[in-house]
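Colleague: Sharing a structure with you now.
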């Protein structure tokens, strides 16, 4: 068997649908966004969109509509999933807790029926009498809406018109009436039917219209007073209501296809339209009032408002704000202005919602050489195309930096007690202290009266009674604010030097070697309260007040040399409350008591970058739940700071980290800076909510990005990226991309817009000796769109496009690899292409081109003609392995720098994907699942080892280990095949057994080995083997890792128990959602653990946790089974969350 754990590292980001209404209350305006399996609920405020709740559905959201039946005070939500689970949801809030209640649910799948090519359509009658669904050709399904019905029951009505393009319910009809566009051999037509609930039949509708535009694709039902429907086509927009027929053909809409629409006004006088090029239009219905007071339509008008992201859906929010939901680019709320700007646009983007989808390809690289992978994806399409650099951690935006080597500490000050913001920064150096005055964004050096500047400062700050304090190696100095003067000074009785110190607003603890002294701060006086001797020298200490102790800390935390211990002492007596031996040789360098999400912790960092953290009881001073993580390799300094009103800790070291709490568990996120030795929070007029950071040579002031798990940087390329690879020697990425050009009158083509391939620093064009340009059998016509393919060379540091190489006309670049070949010392970019002509069923010729990029120049080293499309290429034992149509071929690289065929394997339909390990080759086929080949170096040929005989239409493949192979197929499933080495007969051995099945609910485009987290983080006891990342069409990034059998069994048990405790939204069974499902078969999931479900354990209440662990057997590593506690499982799950 094979045991795997699959989990989401980045939730889907592509927006598939959006609606607006009054869901959370009658007064709120809500925006609901569907991102595949996730539903996000926002409330529209004057400041912008405020997130209320995010709901994970057990299904892909196919239909999402708000409606309000009679007797309801606010809107209800109807959702239908791709596996035909229907539910009606209601928002309930009591105090802090928010629940999404399932009012009614049911599955509306038919046992037979052909799913419609135009997808699932779900509509609701405006009077809320019924829900209509078009799921299968020739059938219209009706769900009657009864208030009391807990179960959604549906019936089918036969529809003679098999090929329905779009359907809507009309407004203002006595009986529910549908209006639809359908296609038959004669063309496209519009028809209406009344739906009779009693007879469960269609009755003749009020009107119909034969032979509308051949490309008519959308129906918009218009509310009263107009009524009727608008039909939108490629070139024309028409209005019908039985009496009135009006058609317009504005040239402006011809360039592209309109794909979405949304009503602006309740009376239907204005509609927003969005097209495939990202243009936003307004459709206006002009009215005419008749003598008898009725209103009829006078005219239709279309106006271009401007350009947005390419819209998948549009919804009008309020006050001229429209939400543009995008699948191919970032989504954005946009403001519609009355007047146009200089570019003639009426649209302004207000903010952007990052979308990684569709992830077409990706690679993992460690650019910073820090042992941490970054994921670089080819994301988006057309003008929304971009590269996304995704790393685990937090970004800091630099606002100012000053060259100041040797900083040993820094603190913010308010020089005037009445100020709200900091205006001074105190910097400490060996043997001296300097003071910087902040004036707006200007920084100048100054002197503070009462402060000494010829000694190193250990602490400095504003303290009680409007005073300042400076602790230096010689003394503790209390300075009055008005006037600035020294009012009290404490020195060690024998005038010894202070070694470490800590201070809060009214308490000071200093250490002099082994001696500890406790002082209190009074008006104009430092009062020594107590002192004690420890058995070893004090290495670090802290007196941060926790809880509601009025700024006084009853505890003091210290770390000692020699015995390497952390201790909690009681103040003022210095009585020992708890002693924790840390073990090892390395001394504690920094200790900190802090509170995250109302839980108290003690953090203790050692000189080698290790960090211990404990739960701290502030009443007793006892430590519990000892845990250890490795943050860096250098001594670590811990400092607290606040961000968005929550406390976080910054760990300064060679790998700076922010420690924060999420769902009552600590999260360690690294920061995108090389090293930080010291930091302090800074909130000045010129630099609000900032951080001051010092490394060996520089002082930097910056602000921190929103604290979250992943940091995403966008590099727009404004065309479609297809493939990416990294080349270390040239410090570049190679990217295959394609831009759209339009045939002009002269027979040439022109680009639609500037993009990466037209804006590169240098460029070149293929001229092939293999194909003469006149060989093109295909003539394009005026106005036709053609794809132009390029290889882009992109700098790994600046992401500048250094070079763009354009391929031949009709030549599609399909595969890309960077590698060395044979004994040749050079590293090459190699591109596989196909010549694509519309009249050919599959490509008959293509080429493999070998490029070398060095010294800023791209040279073509070799090219090889092939008889087909080069779908995939990998470097294989110093040779080049390629799949060409149905053939897998191995090329060797000769001394003459030519590719020579060594051997072939022919038994495929279409070999799309190749992965290798050692001498093994995994081939992913278009429709025949996966195949395992072995290369025999002695014979110089391929041997077919085994294949999966199930028909799977593959979208990506990966080798997990020597015996297990991962596949993703086009019905959103994952599966694992296993080589059966122990089989007795040859026939059994030739079968790859499907040992893992799982419904991911995402279309996977790419798998790659790698991880987004530091590889040595924490002493983990959860053995996960390997890490494969996956990228999907919806911008979701997932991770698959292998488990041992015992861990799999524990997690499977836990998964089953969680399913009993966690109630799913829409009452969809988890086992139904995750079952492997294709048109051919449905089988229960096996061999996979649903990591998202396991991780949800951390979000449930303590009593529910107890319910899950009741009688659960658990082996804590001692080999003995015992009953698990909730804390055992919390530890296990927390460790699992750290793998992504």
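Placed from the backbone N, Cα and C atoms, the Cβ positions cover glycine too.
Just lifted these from Swiss-Prot, have a look:
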- 1121: SUMO2 cross-link (CROSSLNK)
- 2: N-acetylserine (MOD_RES)
- 1067: N6-acetyllysine (MOD_RES)
- 1125: phosphothreonine (MOD_RES)
- 2-768: region 'Interaction with CDT1' (REGION)
- 13-356: region 'WD repeat beta-propeller A' (REGION)
- 391-708: region 'WD repeat beta-propeller B' (REGION)
- 709-1043: region 'WD repeat beta-propeller C' (REGION)
- 771-1140: region 'Interaction with CDT1 and CUL4A' (REGION)
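Quick one: where do these features end up spatially?
Modeller: Here residue 1121 (SUMO2 cross-link) comes close to 1113, 1114, 1115: these same-chain residues lie at least six apart in sequence, with C-beta atoms under 8 angstroms from its C-beta. The DSSP secondary structure for residue 1121 (SUMO2 cross-link) is strand.
DSSP gives residue 2 (N-acetylserine) a coil state; it is part of no helix or strand. Residue environment of residue 2 (N-acetylserine) contains 23 other Cβ atoms, counted within 10 Å of its Cβ in all protein chains.
Residue 1067 (N6-acetyllysine) carries neither a helix nor a strand DSSP state and counts as coil.
Sequence-distant neighbours of residue 1125 (phosphothreonine) (same chain, 6+ apart, CB under 8 A from its CB) are 1109.
Across the region 'Interaction with CDT1' (2-768), the prediction's mean pLDDT works out to 91.
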Colleague: Looking only at C-alpha atoms, tell me how far residue 2 (N-acetylserine) is from residue 1067 (N6-acetyllysine), rounded to the nearest Å.
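Modeller: Distance between the two Cα atoms comes out at 30 Å.
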Colleague: Just to confirm: which same-chain residues, 6+ apart in sequence, have a Cβ under 8 Å from the Cβ of residue 1067 (N6-acetyllysine)?
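Modeller: Residues satisfying the criterion: 87, 102, 105.
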